[in-house]
Each structure stands twice: as structure tokens, then as C-alpha cells.
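Asks: Let me begin by handing over the structure; questions about it come next.
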Amino acid sequence: MGARNSVLRGKKADELEKVRLRPGGKKKYRLKHIVWAANELDKFGLAESLLESKEGCQKILRVLDPLVPTGSENLKSLFNTVCVIWCLHAEEKVKDTEEAKKLAQRHLVAETGTAEKMPNTSRPTAPPSGKRGNYPVQQAGGNYVHVPLSPRTLNAWVKLVEEKKFGAEVVPGFQALSEGCTPYDINQMLNCVGDHQAAMQIIREIINEEAADWDSQHPIPGPLPAGQLRDPRGSDIAGTTSTVDEQIQWMYRPQNPVPVGNIYRRWIQIGLQKCVRKYNPTNILDIKQGPKEPFQSYVDRFYKSLRAEQTDPAVKNWMTQTLLIQNANPDCKLVLKGLGMNPTLEEMLTACQGVGGPGQKARLMAEALKEAMGPSPIPFAAAQQRKAIRYWNCGKEGHSARQCRAPRRQGCWKCGKPGHIMANCPERQAGFLGLGPRGKKPRNFPVTQAPQGLIPTAPPADPAAELLERYMQQGRKQREQRERPYKEVTEDLLHLEQRETPHREETEDLLHLNSLFGKDQ
């Protein structure tokens, strides 16, 4: 523990706490990182005391540098921490880990020549594709030697076929696992597949067709001199009539090499692509987004189906620009059309994030519920004509009952008289149905009152109704005349006598009884 505490002291410990773990990050190095690095050095058989000096850190970096490209995350973190400690010992001011890493690597290459002094055994054994010495064929002592496929590679291939079941991922997976393989190795991979024999038969038929085509395009030149290697036939490329040594010689001979491994891989890829179409019959035109499906899930299904399509890149580009937007649901389509012409996939994913999901549905339902529960909008004209609310107690506008300072009104709220309430007010007005007959409830139709000063525009009355009204008036007059006393009748007759002078005497005789008794009365 003492060695760990003595790695950085004083000013160096203060400088360590100023170095950031990541560029632009907030976290910085602490002493606990030094303790962790010392514990990790024990796993590589390195002493903790090497961290106390600049030369010791250089020795650690020489050991760890070749392992960094293929190392784990802990190894890379240890390498970065040692680079920071080396910069502190070298009194190099750095701001973050990346800057310290670049400075330490530059110093190793310039001064110690670490890259040139690395042993060949620590370098990758598999060179890039297309070059000689590709795995599993390696060069040893000037001769090419075949190395069988590892069980891990075969297991990865079998697991890929079982999990994906000849999906679109099988073709690139086969290309990666069969890099640099001979026809013998490729046949081993195909023989490891136990299930899906129908797909294997499809691949065999494709191989036979391609082999026959190869034989027709490359006829036998004729008899060859003794000891000269013959040219491969279609069956030789398929590995049925050729040995591993012949396949290696065809692939790496100085004159006219024939890459039988790559040719056979191409035939297998054609068969796998046909199997992908058979096992995935869904056409890309049928890939449409569901009404509640997230846009990201729809894009994944679309590109998975597009990957299985065996068409030109130009056609795939057209499908991406047109079908991706055309087959989206109405909600996402409305958003995508607002992005303009030819939007990028990142823009589309960002714009449609959350569209069609539960969050958007809940938001739409909340907005609809808010509109339904809220007050209906008042037209502008009605809002202008609407009167202000008047408080019933004081009769003033602009305040409510809680803000009113006037004393509370006593008695009826309608007429203001004491002794009764508004429900029993005798001066109450009729509603829109009017007052009912004889104190009963009003009828079921509104009472309309014609406003004064207006000329009615109704059609003229019925003549029969007018005649009936006239007869009723005459009968009323006759009834009144019958009820009048006799004196009033006499006065009427006297008035009638004064009007008619020629008959005055006759009328007088009728009024007096002289006509009957004469002068005897």
C-alpha cells in the first residue's frame, strides 16, 4: 500500500486531479484510479513500483501497447491511466486522457521505436483480404500450409444459421466467417448444418449450375506435360475432385493463379441469396407501417426486407426515397411530408419519434377531452353584445358576492318587500311558457306576445269567423235590451214621438188610455 501512495506526491498529485477522464467531461482523475491501476498491473505480472518513475511507465507501455488493439476495456483503461501518469512524471501538461495518450504514443515511436521493435509474433497473423497468407492458409518457411478451421468458427456459423434461419443476415455472416477459406473449409461449414436440408439442396443445385457454366466457359486446353498442374474444373472448385494441396497451389501459384476459394464463396453466396428469398417471401412493397407501430420499428423491418432484395443499388436507393414515406401510416406520413424533399433518415427518425406511440395517443386524448370539457367558444359578435354580470344584492356590475360591501338585502329578492320569498312572490313574471290556466302549470308550448308598435304580418281573418262574431254581438245587444226596465222603454218611445211629428197624436193616444175610456176616466 505504501508503494501505491508514493506513486504521485505533492505537486504531481495536484496535477493529476486537474486531468479530465474524457475531453469536455466533468469527471477528473483521483487517487483511486492509481490504486486501481496498481491492482491491474498484478494481472500482467508487472510490479507496482514501475508507476513511480518515468522509465517504469515506459516499460509498462511497451508491454501493453501491442495488446491494446485486441484488448479488453480494462486493458485500454489501464493503458490510458499509465499514459497520464507518464505525462505527469515527464512534466507534460495535458488536459484530458486523449491528449496524454497521443503524447505518450508519439514519444514511444520517436524515442524507443516500439512499433519497429515489436516481435512478429505479437502482430496479427491474418492480413487484409485479397493478400497472400490469408487465414486459414499461412506461410511457414516459404511454403503455404493449410490450417483447419477452429471449432469456434464452425460453432459461430451453425448458431448463425439456427438463430436467423436464412434471414438476410446469413449472407454477410458467411462472408465474414469464410474469409480466406479454401473449398475444403467451405464444405466443412456446409456439412455442419444439420437442419434446413431443403436450403442445402438449393445451394447444391446452384453449385452444380455454376460448375457446369464454368466448364463451358473454360474448356480443357489439351494434354499437359508431365508434372505440370492442371487447370481447375467446376468440380475441382467445388472441392469434390480436388485435394487441399491442389487448391492451395491454384490459389497461390506464381503464374495464372486461380482463386478457387473466392469463386466457390461466390457460388455459395448466390445459393444463400436464393434461400433468403425462399425463406422470406415478404415483398418490400408489402412492408407497411401499422397504425400503432413506432416509426423506428417500421424502418427496421423495411431495411431488413430491402437487404434481402437482390437488385441494383440505384433501385434500392429509389425504394428508400419513395416507399419508405409512401408506406408509412397517416400520422407519420403527415410529419414526413413537412420535412421537404429528400430528407435524411436521421431527420425522419427524429421527426417521427413518439408518433403513433402511447405518449402521442394520450396527448391527443387529453387535448380532445380538454376541448370537450371546456366552454364552447363564443362568436366575436356575441362576445361584444354580451352584458356584464350584475350582482343581485346591490345591483352593481363588476364584482361578485364575496367582493360586495353593501349590506345583505332583506325580504323578497324580486320585489324587495318583506314577508315572503322570491318563490312565493305575487309579482313574479311568467316564464317562456307563460302562466298556466287557473294557477296550474303552463302548457307545453311557449307564450308569444306580439311587441307593441309592430304591424302584424299574418294573413286576414276567416270570413266565417267575422260573421260569427257579428251574430254574437247582435245577440248580446238583444239580451241587454230585455233586461232594461220599463221606464227606459217609455223614454225611448217619447224620444221616438218627438222625432216623428206626423204620428204624434196617434202616439199620444197609445201612451194615454183616452182611446179606450175617453172622457169617462
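Cβ coordinates come from backbone N, Cα and C, glycine included.
Take a look at what Swiss-Prot says about it:
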LIPID     G2  N-myristoyl glycine
MOD_RES   S150  phosphoserine
REGION    7-31  region 'Interaction with Gp41'
REGION    8-43  region 'Interaction with host CALM1'
REGION    12-19  region 'Interaction with host AP3D1'
REGION    73-77  region 'Interaction with membrane phosphatidylinositol 4,5-bisphosphate'
REGION    110-136  region 'Disordered'
REGION    191-228  region 'Interaction with host PPIA/CYPA and NUP153'
REGION    219-226  region 'PPIA/CYPA-binding loop'
REGION    279-365  region 'Dimerization/Multimerization of capsid protein p24'
REGION    474-521  region 'Disordered'
MOTIF     456-459  motif 'PTAP/PSAP motif'
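Help me understand the surroundings of these features in the structure.
Replies: Following the DSSP three-state reduction, the secondary structure of S150 (phosphoserine) is coil.
Sequence-distant contacts of the region 'Interaction with Gp41' (7-31), counting only residues of its own chain at least 6 positions beyond either end whose CB sits under 8 Å from a CB of the stretch, comprise 38, 51-52, 81, 84-85, 88-89, 93-100.
Within the same chain, residues 40, 64, 67 sit at least 6 positions outside the region 'Interaction with membrane phosphatidylinositol 4,5-bisphosphate' (73-77) and bring their C-beta atoms closer than 8 Å to a C-beta of that stretch.
Sorting each residue of the region 'Interaction with host PPIA/CYPA and NUP153' (191-228) by its DSSP state yields 22 helix, 0 strand, 16 coil.
A Cβ distance under 8 Å defines the sequence-distant neighbours of the region 'PPIA/CYPA-binding loop' (219-226), meaning residues of its chain 6+ beyond its ends; these are 233.
Over the region 'Dimerization/Multimerization of capsid protein p24' (279-365) the predicted model carries a mean pLDDT of 79.
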Asks: Within the same chain, where does the region 'Interaction with host PPIA/CYPA and NUP153' (191-228) have neighbours whose Cβ lies under 8 angstroms from its own Cβ atoms, ignoring anything closer than 6 residues to its ends? I mean 6 or more beyond.
Replies: 154, 157-158, 161-162, 165-166, 234-235, 237-238, 263, 267-268, 270-272, 274-275, 278-279
Asks: For S150 (phosphoserine), list the number of other Cβ atoms lying within 10 Å of its Cβ atom.
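Replies: I count 11 other Cβ atoms within 10 Å of it.
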